[in-house]
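Have a look at the structure below before the remarks.
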Ligand SMILES: Nc1ncnc2c1ncn2[C@@H]1O[C@H](COP(=O)(O)OP(=O)(O)O)[C@@H](O)[C@H]1O
Ligand SMILES: [Mg+2]
């Protein structure tokens, strides 16, 4: 009994600094923002103290904001799906690679993370622009007769987000695939399962926790993407994180910005929780 | 069911030879054990038979079929691994049914065959469990059920008992042998444990450094080992350098021992410790002095020094004598007790 209390006290002491930082750096601003989101915005007067859900009602009822939300969710789902489909074979290959190559391969995956999102997006701008690398190649090969518009499209933003998220997805999947038993795969084949059947019935189900983790990570990152949609999507392409910044920085509309931020967080949380819960139930046996 | 024939099978990894020209004939229904120290190429040989490792040379035949270039999933082989390799996301029943589903067996037949297989390994009623809710011994029995339920042409087991504790290992190896006899399925088991090998095998193939040193029944291997390596791997042995002279082995110090079936050219004599008889001093045999005497309950373990200075380890049953250090006695080595062999071969 007294031992347990001592243990608990030591635990509390260890956790105290982190708790202070989390409360000061995360909880307080969030509470402040929550409060702001219930205020009213009067042009010229900046922010008027109030207790109204008007901002939220506006976000839900205004087709302009609804479209932004739909674009954001669709983008996050698509980019995540692409990341998983592209990332899985890469992660499998790394997991199966001989030990002496593994470090080099992992370094290759991590390398892009050394370059910030904004810098990378700038790189994509060079590659995808009117006079960019891609157009130059397509023109040279005669596939197009005049430069195609890649920049400021949905596809450009999607490619950008995929390139940002892919290393995280590959690393997460690789660490899970690394831990799964190679001999279960051999067992499946000895029992008559072709390589594809083995993948479908053994490799994939065993990797499912990793797929879920990688998918959620990518989804959350994509939902909150800022630099990529701004730089590659241009002024007319709207996603939620940039629109929060736009309300706060450009329109000085803190209440609406705060409400948008909470809506973004809520959508992310609800979708994440739904997916996790559903998968946890279908895989309850494993 | 079918026999297995592997011919000049070899596997090289870069410059390293993991398996170096193995030829083996396993008869239909036979239980053959590949025995050898760790790293001698047993697993690689087994994985070439199963189809997971492509041979650098040689071929594998199962029955009349040359399967050298067949992928594992078309070889109809039952495989049991050291670490069980069950599917953790499937129940015991689904694990066992896995191979039957791949063979498109009907659901009703699957149910009865799975139940039969589980009852063969004494796991009736465990079908709904997940592997992680079972002990190591139970998991290994599920793995065995999963391998035999598909009625494979051959059953391959790679150190199937080495993750189990001593008592369980003893039990499971007994069950394994019983099951193999009941089903009459051609079986190759790999192990580095000579007790295990001796106790289950119809025949043993002793491997060293990627090559088979000797193939034979457990008693042939034990009594008439082909070389020094085999002799010391399957039990304890005394070795003496010397030469063969028309049925007599003459040791370096000049001791002359009659040996039955002594091949000319033999340069080493092997004598098993328990093949030596102990008699009172002065009897017919080799005069010896007891250097150490250890009583083990069931018998004695003696270290003797012979007249020529050689040492002789002896294991003798307890017949009421009390051996003491310094005691003089006679060691009797029957002509059939010694085995001449050529070293450096
Ligand atoms: N994939 C591989 N790459 C390189 N060397 C290997 C590989 N597999 C096995 N070996 C080598 O081949 C030899 C035999 O290995 P193995 O067949 O596993 O022996 P055993 O099962 O008898 O312990 C060992 O020296 C091992 O290091
Ligand atoms: Mg091995």
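Quick reminder: no glycine exception, Cβ is built from N, Cα and C everywhere.
Keep in mind it's a predicted model, so treat the numbers as computed, not measured.
Over in TrEMBL, the protein carries these features:
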| type | residues | note |
| --- | --- | --- |
| TRANSMEM | A:12-34 | transmembrane segment |
| TRANSMEM | A:68-91 | transmembrane segment |
| DOMAIN | A:69-275 | domain 'ABC transmembrane type-1' |
| TRANSMEM | A:103-129 | transmembrane segment |
| TRANSMEM | A:149-173 | transmembrane segment |
| TRANSMEM | A:206-227 | transmembrane segment |
| TRANSMEM | A:256-280 | transmembrane segment |
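Take the transmembrane segment (A:103-129) and the stretches A:12-34, A:68-91, A:149-173, A:206-227, A:256-280: counting Cβ pairs under 8 Å, A:149-173 has the most. Panel annotation: around the transmembrane segment (A:12-34), residues 258, 261-262 of the same chain, lying at least six beyond its termini, place a Cβ under 8 Å from a Cβ of the stretch. When each of the listed stretches A:68-91, A:206-227, A:256-280 is scored by C-beta pairs under 8 angstroms to the transmembrane segment (A:149-173), A:68-91 comes out highest.
Sequence-distant neighbours of the transmembrane segment (A:256-280) (same chain, 6+ residues past either end, Cβ-Cβ under 8 Å): 33-34, 36-37, 41, 55-56, 58-59, 65, 69, 72-73, 208, 212, 215-216, 219-220, 223-224, 240-241, 243-248.
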